Amino acid sequence: MFQMAKRAFLSTTLTLGLLAGSALPFLPASAVYADPDTAVTNKQSFSTDVIYQVFTDRFLDGNPSNNPTGAAYDATCSNLKLYCGGDWQGLINKINDNYFSDLGVTALWISQPVENIFATINYSGVTNTAYHGYWARDFKKTNPYFGTMADFQNLITTAHAKGIKIVIDFAPNHTSPAMETDTSFAENGRLYDNGTLVGGYTNDTNGYFHHNGGSDFSSLENGIYKNLYDLADFNHNNATIDKYFKDAIKLWLDMGVDGIRVDAVKHMPLGWQKSWMSSIYAHKPVFTFGEWFLGSAASDADNTDFANKSGMSLLDFRFNSAVRNVFRDNTSNMYALDSMINSTATDYNQVNDQVTFIDNHDMDRFKTSAVNNRRLEQALAFTLTSRGVPAIYYGTEQYLTGNGDPDNRAKMPSFSKSTTAFNVISKLAPLRKSNPAIAYGSTQQRWINNDVYVYERKFGKSVAVVAVNRNLSTSASITGLSTSLPTGSYTDVLGGVLNGNNITSTNGSINNFTLAAGATAVWQYTTAETTPTIGHVGPVMGKPGNVVTIDGRGFGSTKGTVYFGTTAVTGAAITSWEDTQIKVTIPSVAAGNYAVKVAASGVNSNAYNNFTILTGDQVTVRFVVNNASTTLGQNLYLTGNVAELGNWSTGSTAIGPAFNQVIHQYPTWYYDVSVPAGKQLEFKFFKKNGSTITWESGSNHTFTTPASGTATVTVNWQ
């Protein structure tokens, strides 16, 4: 009862403090927020977090004794292809001096922590090293230049004590550069298991790697089953590789990491990744997001399909592209920004789980000499108040510049806490914990022209309204603005840092005002919810018996009922119930997609749709069909007797279109699928051209899946 009263007091205090312009919300997160949905212990949701992406080697050298020696190291960090000395002790030092807490970030996404190759590689006369962490050799050991296992554990413990989560980069797509015909090149892509050699790229008699040449990125299949540049590409249909990565990630989960960023998900089979995610969620579920690089593409159906079916979220490149076009490059306007918000909300089942960003290590930094600081500050404000989980690339708060690799990965230039960008982040980041409209809310455009965008975030009764004028020379007269803000006066949360103003609302109607040139303002209102309202369910996928976390507001302190579709879960199957968070065991129901609801004190919540219940433990099976000739316009698909195979549907839940170019060639087709372990499957292939379906004849094919590992089943078209 004391805890509930304490939370109610904090909620009221925070609301009044924000309206009065108080500095209270800008205390370190760990000092203020106690609700379980906002706590550092909530590994299943990052909705209330702001991520800070740091290249470990480029941030701070906290322990010079672990630096490389010889040609791999440049103490001046003037050669950005070499190691510069940054390590986990450097991160620990900045955690302890409150740099991150004062900035307002509550999660650190660090470079892949695993052991990388020690060899240097000469490309076109330039020495290259594995400073970036993406040239792994042993996924069960640490990169000694970052620190020891004890150092890594200390990093996690120190971060958690400050209310900061740790996200690791993880790259199960490949090891390191290799040449089939030259075992002396680099380390020949060799993979180790805690120091024991598993195998190398040359003479790969066990089939641990693909040997199909380099990808030309001409198709999804080409990118999956051919090498990414010269990197030794894993064959995930190999049972040894499958087990290796399911075991390796558990090692890091057991150390206490809070999240995973998966590299190059576009270049690995969806089926294997879904199976891998299922094993993670059955072990220790954490928020996981992948990198599906889109470049400047507006959208990609395969990208959307992956986000909705793999069990993980994605880095939101559509958001990134739109923000850069509008605020950085001036190639688009606010209507395009609003269109992106609307289209992604339609396409992604869980749009609030996608990770938003304005730049990262694989693209030119947002800031250049030609980009006004105010445009960067506005892009940050938009990202921090928009739907999705915001990620800030290290040095952005210091206006770090750099076009392309390696200049976009320069050494952290300073740790100033007085820049305007730092100030913007520090004022807006805490809103994700204090106002559920920012963490969980919907988005609605309220006023717009080419240069001005006013949008509203709303969750239950909580509201945030954001106004941005990207025109740096002309103010805008805002008239007829209608919002959900209750009657009252509202101060700019930014305190005028970006020339924002205060406003007055009369039943949601805002008095006419002038939005200054280059201005951004944020106004917000929070109040306690009296009815159950779901903001997030995580993970988004699981098997019966797994525990999932439901976050939101207004659940009350007395256990109610959780519904998966029409199946009610009560009693001991609900392992905890608090006003902002519920933990519940997935019931034994038929596999498929379900709407999750909460009933508290006789009142039903909103529905949280598209939660995926799996049949059970998952394995990856490669389905191969021979002699399936098609006509122009036809593609081949697979369906079968379990939800993971589409439950005999020929619609969007069917598997495919199948591939026929790399592992097997037309008229043989194949596809890797995550299916239930130890299960007798019945399945058929079918040809599809638009709405025209051509089924195989004869009886259903049958196959019993293994209890673990991987398998291949090959049939003839009948």
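The backbone N, Cα and C atoms fix where each Cβ goes, and this holds for glycine too.
Annotated active site, nucleophile per Swiss-Prot: Asp263, in sequence order, evidence recorded as similarity to another entry. Annotation comment: Swiss-Prot describes Tyr134, Trp135, His174, Asn227, Leu228, Tyr229, Asp230, Arg261, Lys266, His267, His361, Asp405, Arg409 as substrate binding site. Annotation comment: Swiss-Prot describes Asn173, Ile224, Asp233, His267 as Ca(2+) 2 binding site. Among the features that Swiss-Prot reports, disulfide bond is placed at Cys77-Cys84. For 532-612, the entry in Swiss-Prot reads domain 'IPT/TIG'. Annotated domain 'CBM20' per Swiss-Prot: 613-718, in sequence order, evidence recorded as sequence analysis. According to Swiss-Prot, the region 'A1' annotation covers 35-172. What Swiss-Prot lists as region 'B' is 173-236. Per Swiss-Prot, the feature region 'A2' maps to 237-440. Residues or ranges marked as region 'C' in Swiss-Prot: 441-528. Annotation comment: Swiss-Prot describes 529-614 as region 'D'. Per Swiss-Prot, the feature region 'E' maps to 615-718. Look at Swiss-Prot and you will find 1-34 tagged as signal peptide. Look at Swiss-Prot and you will find Asp362 tagged as site 'Transition state stabilizer', backed by similarity to another entry.
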Sparsest Cβ surroundings (other CB atoms within 10 Å) among the disulfide-bonded residues Cys77, Cys84: Cys77
Cβ-centroid neighbours of Ca(2+) 2 site Asn173, Ile224, Asp233, His267, 8 Å, sequence order: His174, His210, Ser215, Gly223, Tyr225, Lys226, Asn227, Leu228, Phe234, Ala264, Lys266, Met268
Composition by DSSP (helix, strand, coil) of residues within the region 'B' (173-236): 6 helix, 20 strand, 38 coil
From Cys84, Asn173, Asp263, His267, Asp362: recorded positions whose CA lies within 10 A of Leu228 (substrate binding site): Asn173, His267
The region 'D' (529-614) vs the region 'B' (173-236): 3 or more CB pairs under 8 Å: no
Structural state of the residue listed as 'active site, nucleophile', classified by DSSP into three states: coil
Residue distribution over DSSP helix, strand and coil in the region 'E' (615-718): 3 helix, 50 strand, 51 coil
Inter-residue Cα distance where the pair is Ile224 (Ca(2+) 2 binding site) and His174 (substrate binding site), in Å: 11
Rounded distance in angstrom between the Cα atoms of Asp230 (substrate binding site) and Asn173 (Ca(2+) 2 binding site): 12
Asp362 (site 'Transition state stabilizer') to Lys266 (substrate binding site) - Cα separation in whole Å: 15
Separation of alpha carbons, Tyr134 (substrate binding site) and Asp233 (Ca(2+) 2 binding site) (Å): 12
Pairwise CA distance, Tyr134 (substrate binding site) versus His267 (Ca(2+) 2 binding site), rounded so that it is a whole Å: 14
Mean of pLDDT values spanning the region 'A2' (237-440): 98
